[in-house]
Amino acid sequence: MESCNCIEPQWPADELLMRYQYISDFFIALAYFSIPLELVYFVKKSAVFPYRWVLVQFGAFIVLCGATHLINLWTFNMHSRTVAIVMTAAKVLTAAVSCATALMLVHIIPDLLSVKTRELFLKNKAAELDREMGLIRTQEETGRHVRMLTHEIRSTLDRHTILKTTLVELGRTLALEECALWMPTRSGVELQLSYTLRHQNPVGFTVPIQHPAITAVFGTNRAVKISSNSPVARLRPSGRYMPGEVVAVRVPLLHLNNFQINDWPELSTKRYALMVLMLPSDSARQWHVHELELVEVVADQVAVALSHAAILEESMRARDLLMEQNVALDLARREAETAVRARNDFLAVMNHEMRTPMHAIIALSSLLQETELTPEQRLMVETILKSSNLLATLINDVLDLSRLEDGSLQLDISVFDLHGLFKEVLNLIKPIASVKKLYVTLSLSPDLPEYAIGDEKRLMQVLLNVVGNAVKFSKEGGISISASVAKSESLRDPRAPDFFPVPSDHHFYLRVQVKDTGSGINPQDIPKLFTKFAQSQSLATRNAGGSGLGLAISKRFVNLMEGHIWLDSEGLGKGCTAVFMVKLGTRGCSNEAKLPYLARATTNHMRTNFPGLKVLLMDDNGVSRMVTKGLLVHLGCDVTTVNSGDECLRVISNEHKVVFMDVSLPGLDVYEVAVRIHEKFSKRRDGPFIVALTGNTDRVTKESCMRVGMDGVILKPVSVDKMRSVLSELLDHGVLLEAK
């Protein structure tokens with residue numbers, strides 16, 4: 001009998017089943033490991049979930065199950081087919097259930113988050129919101145107090161009021177027991193108790209600024225809690241009480257450089273004041289953050305207000321100083337104006353008083369010169385005339401310079417013969433140069449206009465001064481004069497950076513150059529020659545004489561004519577070149593019709609005698625009347641003299657052709673006499689020519705004479721030739737064309 005084998009034979013491993021087992025174990029392990037990750041995410045998102053330990057255990061169990069299945073992949077042995085089928089089915093079901101569980105948790109987690117855990121979450125959020133709202137209310141309250149304090153502080157610019165208001169408002173707002181302000185002393189090494197809230201400590205108490213507590217506060221811009229035993233915190237009388245908390249904050253002071261505010265120190269480096277605040281004693285109250293922030297903001301506002309107050313105080317001091325300076329300047333200006341008026345009045349009086357005796361000297365000398373004289377006598381008379389004319393020129397120069405400096409001198413603009421002016425200067429200079437055996441040449445550029453618009457008299461005066469200097473300082477050789485229209489490229493001169501000539505269609509710049517072979521000038525002396533009473537230091541210059549006013553006046557006349565003048569010389573003994581440019585108008589300008597044109601009388605046809613000419617002379621000065629009469633009688637005139645305006649009106653008749661009147665005559669107004677003479681003769685052509693004799697050179701006198709209908713003005717002193725020229729112009733042209 002064959003033996004029975006009750007044990008089922010081993011089932012060989014089926015490759016397909018093994019593959020399913022491997023796949024199932026893999027997904028089971030994947031699901032087990034993913035579930036803890038999802039639980040971790042849930043715990044993280046649900047901060048208020050109350051069963052975290054259960055989740056931790058469940059996660060550990062799943063991880064262990066997953067690990068078991070993962071290890072099973074490497075522990076397969078040979079077994080029966082039935083076991084293999086059952087194992088495979090179980091693993092397939094486990095894999096399916098595990099995957100389903102993992103997928104279900106994805107949908108369950110949002111539902112779990114929406115249950116009672118939400119209520120606890122909302123409560124926590126509400127508590128957090130309440131805290132934030134409390135903070136916001138605290139900040140708003142702090143801001144309101146800051147605005148109130150700032151308004152109170154900024155309502156004044158008095159520093160004492162600012163500081164006292166700050167202490168009072170801080171004490172009221174923060175319910176302080178004491179508040180104090182320590183200011184740096186003048187030396188800057190101590191802090192002085194300057195202001196207190198309760199006045200419990202005497203003001204003036206000092207503390208060294210190098211104290212550790214003070215150094216710690218000055219080292220930060222935050223409010224710092226300090227010990228109640230600190231010297232700056234001992235603000236109450238000693239007693240048996242528990243001191244309150246004390247804080248201190250620095251107050252920046254304005255950085256001052258050049259001014260000092262009353263009794264405050266002059267600050268050259270950054271300085272601070274110290275504000276100390278103390279809570280009530282025997283209380284458990286402590287400083288809160290928002291209160292410290294309030295103190296810090298107020299300290300900054302106080303610093304700004306103090307800086308404004310300092311600037312205001314300094315500006316007020318500067319204003320007061322400026323007002324004092326303005327008063328002093330106004331007083332100085334009035335004194336200067338008074339001095340100028342006094343000087344001008346003095347010069348006017350001296351001018352008239354000096355011209356009256358000079359009139360006698362020059363007139364009588366010129367009369368004496370036309371008599372029979374020995375050569376020695378003629379030389380003496382000529383010397384007298386030359387010296388007298390030099391003195392008259394000096395008087396004219398002083399008066400011109402005075403009026404140039406005070407701005408009262410104005411140019412007399414008219415149309416004039418420019419070429420004729422240069423020829424007249426040449427005719428005046430040649431006789432003087434011929435005495436010294438000097439040649440004088442004149443070169444006029446072809447493009448130089450024949451007529452121009454400007455002040456002919458002042459231009460001639462400048463030209464005579466410059467050419468006269470050239471003749472004066474030359475012993476041999478000669479003088480060359482050239483005139484041309486300045487070209488655009490030669491208008492600017494590096495020696496005159498402030499000279500900006502602007503040519504136009506109606507103006508041109510006349511350029512005049514006077515070159516001599518004289519003694520020359522030291523280059524270092526050239527800038528000095530245009531100042532008053534300045535002369536070159538060379539021996540030749542000193543021997544030549546002169547007042548030192550010619551070039552100074554010429555420069556001012558040139559400046560008045562919008563021009564520029566300069567000198568060039570290579571040194572002593574090498575001659576000198578003077579150049580000046582002036583601005584003149586052309587005859588084509590639009591307002592030419594408004595300007596007078598004064599044609600010059602030619603000297604070739606000048607009368608030498610006026611026999612039988614009836615002349616009435618009115619002068620209250622006996623010497624001057626006698627001298628002027630002598631001149632007229634010498635020229636053949638029939639002269640009647642009077643010494644008052646009333647007598648003049650009684651004596652005058654149709655037979656009188658010319659009336660000479662001294663405008664300085666007292667009593668009846670000379671201008672009124674002229675008006676009455678014109679009224680007496682209904683027809684102007686039947687009346688006499690009226691000519692003013694005056695020692696005043698101002699323009700007002702000339703304009704006043706012309707306004708009342710006078711025919712001309714003669715400036716004393718008067719020589720025979722000058723009187724001859726005046727009468728010739730009157731009789732030939734019917735008017736005296738230019739004030740002499």
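Sequential numbering from 1, following the chain as shown.
Note: Cβ is positioned from N, Cα and C throughout, glycine not excepted.
Because TrEMBL annotations are produced automatically, they should be read as predictions rather than curated entries.
Here is what TrEMBL says about this protein:
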type: TRANSMEM; residues: 20-41; note: transmembrane segment
type: TRANSMEM; residues: 53-71; note: transmembrane segment
type: BINDING; residues: Cys65, His69; note: Cu cation binding site
type: TRANSMEM; residues: 83-109; note: transmembrane segment
type: DOMAIN; residues: 349-586; note: domain 'Histidine kinase'
type: BINDING; residues: Asn469, Ala470, Val471, Lys472, Asp516, Lys532, Ser547, Leu551; note: ADP binding site
type: DOMAIN; residues: 614-731; note: domain 'Response regulatory'
type: MOD_RES; residues: Asp662; note: 4-aspartylphosphate
type: CROSSLNK; residues: Lys716; note: ubiquitin cross-link
Residue from Cys65, Asp662, Lys716 whose C-alpha is spatially nearest that of Ala470 (ADP binding site), among the recorded positions:
Lys716
Please list residues from the chain of Val471 (ADP binding site) whose Cβ is under 8 angstroms from its Cβ, counting only those at least six apart in sequence.
Ile429, Ile432, Ala433, Lys436, Leu438, Val440, Ile479, Asp516
Among the recorded positions listed here (Asn469, Lys472, Leu551, Asp662), which has the Cα closest to the Cα of Cys65 (Cu cation binding site)?
Leu551
Between Lys716 (ubiquitin cross-link) and Lys472 (ADP binding site), how many Å separate their Cα atoms?
26
Give me the CA-CA distance between Leu551 (ADP binding site) and Asp662 (4-aspartylphosphate), in Å, as a whole number.
33
Would you identify which of the recorded positions Asp516, Asp662 has the most other C-beta atoms lying within 10 angstroms of its C-beta?
Asp516
What's the CA to CA span in angstrom from Asp662 (4-aspartylphosphate) over to Asn469 (ADP binding site)?
34
According to DSSP, how is the domain 'Response regulatory' (614-731) divided among helix, strand and coil residues?
55 helix, 25 strand, 38 coil
Binding-site residues listed as Cys65, Ala470, Leu551, least Cβ neighbours within 10 Å:
Cys65
Which Cβ among the recorded positions (Lys472, Lys716) has the fewest C-beta neighbours inside 10 Å?
Lys472
